[in-house]
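Here is the structure we will look at.
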Amino acid sequence: MKITSRKVVVIGTGFVGTSIAYSMINQGLVNELVLIDVNQDKAEGEALDLLDGISWAQENVIVRAGNYKDCENADIVVITAGVNQKPGQSRLDLVNTNAKIMRSIVTQVMDSGFDGIFVIASNPVDILTYVAWETSGLDQSRIVGTGTTLDTTRFRKELATKLEIDPRSVHGYIIGEHGDSEVAVWSHTTIGGKPILEFIVKNKKIGLEDLSNLSNKVKNAAYEIIDKKQATYYGIGMSTARIVKAILNNEQVILPVSAYLRGEYGQEGVFTGVPSVVNQNGVREIIELNIDAYEMKQFEKSVSQLKEVIESIK
């Protein structure tokens with residue numbers, strides 16, 4: 001698919017949707033940004049607020065509230081709409097309500113004649129990415145969930161903070177569900193190219209126990225933020241904007257998005273967070289890491305949980 005207008009539609013103007021819009025404008029990613037919400041006044045108000053800062057943006061951008069007809073010639077439709085996760089809830093607790101919302105939204109988008117790429121940020125994202133694909137009838141590669149992009153940035157940030165190293169020099173992934181069953185891939189985590197398990201032998205700032213604690217901290221990061229401020233949105237806003245950038249610029253970059261497995265990691269028939277090459281066509285291919293036996297077992301458990309939920313909402 002060739003990117004033509006750099007037009008992006010964001011559906012859902014809550015905290016996440018507006019954070020994504022704000023991030024895209026500040027990074028100069030789009031030429032036209034359309035906001036859609038069930039509350040038209042909210043969408044119009046957010047568009048006006050964003051427009052007030054356009055003179056300070058990198059590029060002049062058309063920002064407006066719209067409707068589903070605007071999806072027809074959009075390059076990307078980002079969906080963030082849904083019920084928010086509340087304190088004490090897991091992301092999977094949201095599934096039934098948000099699956100109905102997702103089906104309704106995707107149906108209306110496709111009725112417009114949309115022929116671009118979907119980016120899904122609504123939770124539980126792996127399940128709702130599957131629902132979006134199933135409803136749209138598009139090829140799986142054109143439905144991209146945010147997956148574990150946010151978890152991965154949290155992972156790198158926490159490890160970098162512990163080691164007092166720039167996060168950009170830390171490489172590693174969280175894979176599987178964006179949620180409680182996610183898996184830290186320590187077997188492929190490196191610091192400046194050096195495997196983490198080799199690195200900690202000579203580094204007294206971190207030990208094996210710290211690695212386990214760090215994984216748990218990353219897994220529970222959203223709960224901590226929700227307890228303190230009721231919602232998470234800046235991190236996922238920037239993470240989603242990064243995916244949009246990769247698509248619009250045809251980057252061929254590897255990001256841990258929620259992608260459809262066709263036998264990779266011994267799994268199929270499910271969307272989940274795995275390192276994937278992202279370009280203007282969505283997911284070009286999945287990078288299959290040779291993870292260790294423990295990580296594979298945890299990944300299989302994560303995928304199994306997702307499949308159970310998918311079966312329950314069919």
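Placed from the backbone N, Cα and C atoms, the Cβ positions cover glycine too.
Listed in Swiss-Prot:
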type	residues	note
ACT_SITE	His178	active site, proton acceptor
BINDING	Val16, Asp37, Lys42, Tyr68, Gly82, Val83, Ser104, Ala121, Ser122, Asn123, Thr146	NAD(+) binding site
BINDING	Gln85, Arg91, Asn123, Pro124, Val125, Asp126, Asp151, Thr152, Thr153, Arg154, Thr232	substrate binding site
BINDING	Arg156, His171	beta-D-fructose 1,6-bisphosphate binding site
MOD_RES	Tyr223	phosphotyrosine
With every protein chain in view, what's the tally of Cβ atoms within 10 Å of the Cβ of Tyr223 (phosphotyrosine), excluding that atom itself?
16
Considering all pairs of residues in Val16, Asp37, Lys42, Tyr68, Gly82, Val83, Ser104, Ala121, Ser122, Asn123, Thr146, annotated in the record as contacting NAD(+), what is the maximal C-alpha distance expressed in whole angstrom?
24
Coarse DSSP state, helix versus strand versus coil, of His178 (active site, proton acceptor):
coil
C-alpha spacing of His178 (active site, proton acceptor) relative to Val125 (substrate binding site), in angstrom:
7
Counting Cβ neighbours within 10 Å across all chains shown, tell me which of the binding-site residues Ser122, Thr232 comes out on top.
Ser122
Just to confirm: which same-chain residues, 6+ apart in sequence, have a Cβ under 8 Å from the Cβ of Val16 (NAD(+) binding site)?
Thr80, Ala121, Ala231, Tyr233, Ile236, Gly237, Thr240
How many other Cβ atoms are found within 10 Å of the Cβ atom of Arg156 (beta-D-fructose 1,6-bisphosphate binding site), counting all protein chains shown?
22
I need the nearest neighbour of Ser122 (NAD(+) binding site) among the recorded positions Thr153, Arg156, His171, Tyr223, Thr232, using C-alpha distances.
Thr232
